[in-house]
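Below is one structure, written out as structure tokens, with a few remarks after it.
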Amino acid sequence: MSQARALWPVLLAAAVSLFPFTVYSTFLVPIAAAAGADTAAVGALRGLGGVAALVTGVALAPVVDLVSKHRSGAAALVVLAASSLLATEGSYPALLAFCLGVGTATAVLTPSLLAAASEAAGPAEAAGRAATLVTAVGSLAAVLAGPAIGVMAGWRGWQGALVITAGLALAVAAVLAARPVARGAVPASRGSYRGALRSVLTRPLLAALVLCATLRTAAFMGHLAYLAAVYDERFGLDARTFTLVWTLSGASFFAGNLAGGRWANDARAPAARPHRMLVAGLIGATVAVVAVFQVTVFGLALLATAVLAASHAVVAAAVTTLIVRGDPTIRGAALSVNAAGMSLGVFLGAALGGAGLALAGYAGIAAVLGGLTLVALVIAVAVGRRPH
């Protein structure tokens, strides 16, 4: 709890960063109507945010370690606020700029917040707990963002919600920018951009972790894209009732991420524990994703959904911990590349899941997504057998 109090600006920034796209998704129909465009076309613009996040994450990865983490996070929040205000204009070009701006801001903000939290915590175990606390709060915010956005939209609808989001982002940006550098922080690197990028991309362990994160994100987001469909077809759940299943998945992810982060970073735990958690989580995720799309008993489907989310959360906590425990001089860059990999995973998951569905129905989705986590498992086991 004391760690949460010390990191409250970082945690608040992580929560606020989820609001813009939540507003966009929640009010997609009225937003499309205001723009005078087709709902599908406006919805597809969000994909451009992912492209922007991927490109920005790789291109600016070394920069994260060349400047203050709090200041880079504050700058990203300012971009996020400006993008949110621009979207209230309501035109199609404004919405295009909004999606690109939010994607770009998120690509800088997420690794900056994780690096800032880990630096403020100090020792390796505490740094890992701090970083996974940020991701856990982000997953909890994703569950609670819907009701919060509904309250915010009570003033001028979706445009009011975006104005309030912009105000919150600017307020948190001011707090972050004013925060002193943590005593345990690594000084900003004075090396070159190219040298910093090379130092990240030439590390085999980091490359393996990023690949695992990309594959597991693809599998998780791919299953989320078709989860409502399988519950509707197999168990007759309408959209309103399915929100309870969505909440179960989100709550399971939060619990798994929070508990996994604490367990992986227990000061009394053996150094190999995070890697063992990575392997165990991928095994659970592989089995559970097959069960979600194959079982026909409602209770078992709910259990598989919860296990799947918790397993992915444990994997995410283990990957974050292992990256944070690496070289502190490139920690921000490494986290940025990892975030870019996960952005790529979001696209791959929906596309590959759709291909599996087209080829062999839900059995095809289970095979494709299970195959992704199985490949990640093979990589994780191989990493554990080689000296670091």
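Glycine is treated like the rest: Cβ placed from N, Cα and C.
A TrEMBL annotation is a machine prediction, not a hand-curated record.
The feature transmembrane segment is assigned by TrEMBL to 44-64, 71-88, 94-118, 130-155, 161-182, 203-231, 243-265, 277-295, 301-323, 335-353, 359-383. Annotation comment: TrEMBL describes 200-388 as domain 'Major facilitator superfamily (MFS) profile'.
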Suppose I define contact as three or more CB-CB distances under 8 A, residues 6 or more apart in sequence; do the transmembrane segment (277-295) and the transmembrane segment (203-231) meet it? yes
Should anything in the same chain at least six residues away from the transmembrane segment (359-383) have a Cβ under 8 Å from its Cβ atoms, list it; otherwise answer none. 205, 208-209, 211-212, 215-216, 218-219, 222-223, 226, 230, 275, 278-279, 282-283, 285-286, 289-290, 292-294, 315, 349, 352-353
Are the transmembrane segment (335-353) and the transmembrane segment (243-265) near each other by the rule of at least 3 C-beta pairs under 8 angstroms (pairs 6 or more apart)? no
Taking the domain 'Major facilitator superfamily (MFS) profile' (200-388) alone, what is its mean pLDDT? 88
Thinking of Cβ pairs under 8 Å, which stretch from 94-118, 203-231, 335-353 has the most of them with the transmembrane segment (301-323)? 203-231
Can you say which of 44-64, 94-118, 130-155, 203-231 has the most Cβ pairs under 8 Å with the transmembrane segment (335-353)? 203-231
Go through the chain and flag residues at least 6 beyond the ends of the transmembrane segment (130-155) whose CB is under 8 A from any CB in it; none is fine as an answer. 3-4, 7, 10-11, 14-15, 17-19, 22-23, 26-27, 113-114, 117-118, 120-121, 161, 164-165, 247, 250-251, 253-254, 257-258, 260-262, 264-265, 313, 316-317, 320-321, 324, 335
Who are the chain neighbours of the transmembrane segment (94-118) in space, where the CB to CB distance is under 8 Å and they lie at least 6 residues beyond its ends? 7, 10, 13-14, 17, 20-21, 24, 31, 35, 42, 45-46, 48-54, 56-57, 60-61, 64-65, 69-70, 72-73, 75-77, 79-80, 82-84, 86-88, 127-128, 130-131, 133-135, 182, 320, 324, 331-333, 335-336, 338-340, 343
